[in-house]
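Comments concern the structure below.
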Amino acid sequence: MTKRLLLLNTWRELKGSLARFFSIAILLGLGVFVIVGLKSTGPDMRETAISEYQKENLADAQITSPVGFTGADQKAIRQRSSVKTVRFGQMTDVQLKGRAVRVLSTPKTLSTVTVVSGHLPKKQNEIALGTQLEKTYRVGQTITLDGKTKNSKPARLAQRRFKVTGFVKSSEFTRKENLGTTSLSTGQLTTFAVVPKGSFTSQTPNLARVNFKPVTGQAYSKTYEDGVNHQITEIQPFLNHRAKLRRNQLLSDVNQQVKQGQTQLTLLTQQLTLAGQQPAKNQQIKQLQKGLKSATSQRQSIRAITYPIKSRNDYNAGYSAMGANAQRVDVLSDSFPIFFFAVAILVCFTTMQHMVAEKRTEMGTFRALGYSKSESVFSFLTYGILSAVLGTVVGAYLGSTFLPRAIYRAYTADFNYGSLQLQTHWGVIGVAGLLALGCILAAIWSSAYPALKEQAAQLMLPKPPKGGSRILLERWTWFWRRLSFSHKVTARNLFRYKGRMLMTLSGVAACVALLITAFGIRDSLNNIVTVQYRDIVHYDLIGVYNPDSSAKDQYLKTAQKSSQVKRSTGLYTETVTAKNSTLLDNQSISLLVPQNEQQFSQQLSLRSATTHRQLTIPQNGVIVTQKLAKLFNLKQGDTFTFKSATGHAYHVKVAGIAEMYMGHDLVMGPHEYRRIFDQKFVPNAQMIQLKNRRSATINQMARRLTRQSASETVVESNDAKQMIETVLTGLNQVVLILIVASSVLAFVVLFTLTYVNVSERIRELATLKVLGFYPNEVDLYIFRETIILTLVGILIGYGLGDWLHAYIMTVLPPEMAMAQLSLHPANFMVSTVITLLFLVLVMVVMAKQIRRIDMLGALKSVD
Amino acid sequence: MSDFIVVKDLTKTYGSGENAVTANKDISFTIPKGELTIIVGESGAGKSTLLDILGGMDTATSGQVVVAGQDLSHATNRQLTTYRRHEIGFVFQFYNLVPNLTAVENVQLASEIAPDALDPVTTLQNVGLGERLNNFPAQLSGGEQQRVAIARAIAKNPLLLLCDEPTGALDYQTGKHVLKLIQDFAHQSGKNAIIVTHNGLIKPMADHVLEIVDGKIKEESFNAHPVSVETLEW
């Protein structure tokens, strides 16, 4: 019976104050939603990726060899104690209607492919294409592959015509575009394909997929990534040794041939001198001489042979991009939602406290009737717990489903991963739920406990209204006297409820800060692209060629003299790497050694990161780009250590730090190059700026270059642009959600605090009505306070937003990118307008509420 | 002497249908200018409802109410507010002071909006609170608070002072003091005051007494010579 009545009382209470009940539930729900959502998304994304890696048994590392692995190589790798599994396969890059495609021998155990439609190729002339081309080709169609140039035979393949048997996907190629670099076409792979082993001419494999024995942990975890990196560092010298053996063997073969050739040549020359002119012999001599010349260049390329080993992060563009994306969300989840949650909790706390204070007499009545203390607070407890549970359950549900899905969808627009594997992260939900519940209980306890200690009789009397007091401002008589009466009243009232004043200020400030941050994140990221490609990078592509090639001159002619070329500059470039203990992945750095500094500066502006003044390339020392300096904590004069592709470490002195927002560069002069590498400076690339900078023109130029036989690869400067734009699309979606959530928070915070303010002062407002205040005067009497608090809150929010934005923009960009920390005035304006709009909305709603106040009821009753 | 208040066939019903409660039924009376009127009755008799309607805080269901030439029965909300603002001073059983304003500021709250307001400080001095101008309500006794409330009502310089059980929460002596202030207001300024009370013993202080039972006027009487509050005993 008792319980029934108590429940009935609670139910009535709830029905009578639905607005407040839902305010609390929405506040807690929003807080839980944002925190659970952002905390779940990163792990969910990784889990989804990991399950695909496990399903297809993605290899820990790949070793490649330009000349293939000999039987002895294979045996030696297999016998390494750290190698758990190694599978050898074939690969070659081809062109399909101008698109670069990597053709692999169908992998059987490591990095297997999943058939999406059709079946795997069985016959030598069958092929299965990656799903990237699913829309372009169909099963059963016959395709013709090209090599380096149109109508040339692809390297290593026995034939050019293949029948498409199906479409496959592979966790080695998870991106939809730019699957990796290649020497063909535009320098980026469009897709991959698998063919039976027999389709390759040579049976010497040139690709080894490796799983390591001692490596534990899930993909993307520190244990795993560090483990693999460690194994790679361990095994690299061994591979260098194998490569050296191979080089020596190949060299001695060539030397043998050269020796034979030379002997033959001497013989022929002698014969010729003896026998006089013989056209046939002349021909033979010419051929021999040509052979000898090509042997010399062969020797050059043999010397360049290495067996590089790459971890997933380095051989698999999708793997590292997915990891980086998930990490972005993780980073965001460590700052934004915590701020958010704190505001929600704070405001709930005030509301709940107020509710209990309002129900003081009711508590007294219960106590007087002989109900126990716990029974007296039963209705608040039930009310509070109900709203907390409702908020947490809805917030956690949407946070575990809607938010991760929305973010994942945005992020994986460019990926081929399957649908998101949603998981319930009970830890986060538990903590958020407990915090929400704890906030409610603490509010009830802090408000009800002191009251319950009083005698029931006292409790039933109205709590003496909070006494007025003078405020500090009144001491400043000059100012105080100039205030109108109503402004004095407002000033006094502002300081009357200090708790609520602070709460409103911090609530509004936090919401404004969140809005500014959310808008700022979007703008700062967009700004990366603008500044990078307007002020810093002016070249469109870098064409890398083989300086030893006999077709070098032809290549240079194309790179410098083509009609589309505006300017072209020679330089030496190579990709080097660096890593320190705090970084998960190797940082890939472009080493740039310009031939002519003057020309180079027209292609790439080296501006001081701090003063924006033009930097000159020093005689000694190097210039590193800003983000690299930041990651490795480099200052001018520090020593920086990087590794070449073969794992050899070099130490250089930092002479300057240059502004750069995307990617890492390390620039040095030819003199320094000779000193550091102990090698002659030979340019191997052309940095090219085109007259027409549309991406179609750039692609066309890239294809022209890769068709050259001297071509190694091309790098388009907008590859990086496309990458950041992918990241941006993802983040924009996240930010949009954050903006909406922050807006709702701002509204609910303003509404709740105004609601509390109004309901706590109903008697006062009724008095004003009786005295004959017109409705708008009554409204203003209370709204003046809200307006002032909101305005001051907005100003505080500016400062707070500036700080939060700077913090997030320092940690948010991927390791290879950097954002400008400055905020646009528009960020402040839009955030202000949104907040003011909510203020007006709240005032309209509350004005109705105030109009409904029954002045007689309020004035004639005791409480 | 023209009639300051004319009430004709006033009926006030709350709710509708079976739940309808009639608070005032077919009440008619007139009050001349400059009178102190007491409306007396048991609780629930409908006297407060009558006062609220006279004060423009509530409207009649039927009948006519004219105060100072203004027909309240057909007034809009806005007109009623203006009427309260310019013509009416209210005093309640619970003083309803704004806790965050000092005594003088509470009076200013009213004087600020009335067109012919009296000086707040003088008004407070007249109710004997010249020394407590800058005290907050929490620092004043019940009687002092009620005097501030009366000062607040008077400071508007209203044509009609309406008092709903003004002594209900006060002790005997303090109550007397408060009633004296009201009586003085009516008799010295020549304006009207109406006191609603359940205490029949104070009837002799009024010029005009209306007794209400079950929403109807049971008896109406006039005192040609009202006694001063000091001499009353109850």
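Along the chain as shown, residues are numbered 1 onward.
Cβ from N, Cα, C; glycine included.
Here is what TrEMBL says about this protein:
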TRANSMEM  A:21-38  transmembrane segment
DOMAIN    A:336-455  domain 'ABC3 transporter permease C-terminal'
TRANSMEM  A:336-356  transmembrane segment
TRANSMEM  A:377-398  transmembrane segment
TRANSMEM  A:425-445  transmembrane segment
DOMAIN    A:502-706  domain 'MacB-like periplasmic core'
TRANSMEM  A:502-521  transmembrane segment
TRANSMEM  A:734-756  transmembrane segment
DOMAIN    A:737-853  domain 'ABC3 transporter permease C-terminal'
TRANSMEM  A:787-808  transmembrane segment
TRANSMEM  A:828-847  transmembrane segment
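A contact links the transmembrane segment (A:21-38) to the transmembrane segment (A:425-445), because at least 3 Cβ pairs that are 6 or more residues apart lie under 8 A. Away from its own ends, the transmembrane segment (A:502-521) comes close to residues 336, 339-340, 342-343, 346-347, 350, 731, 735, 738-739, 742-743, 745-746, 749-750, 753, 786, 789-790, 792-794, 796-798, 800-805, 808-809, 812, 823-824, 826-828, 830-832, 834-835 of its chain (Cβ-Cβ under 8 Å, at least six residues beyond either end). Within the chain, the transmembrane segment (A:425-445) has long-range Cβ neighbours (under 8 A, six or more residues past its boundaries) at 24, 28, 31-32, 35-36, 39-40, 43, 341, 345, 348-353, 356, 377, 380-381, 384-385, 387-389, 391-392, 395-396, 399-400.
Across all of the domain 'MacB-like periplasmic core' (A:502-706), the predicted model scores a mean pLDDT of 90. Across the domain 'ABC3 transporter permease C-terminal' (A:737-853), DSSP assigns 98 helix, 1 strand, 18 coil. Across the domain 'ABC3 transporter permease C-terminal' (A:336-455), DSSP helix (H, G, I), strand (E, B) and coil residues number 101 helix, 1 strand, 18 coil.
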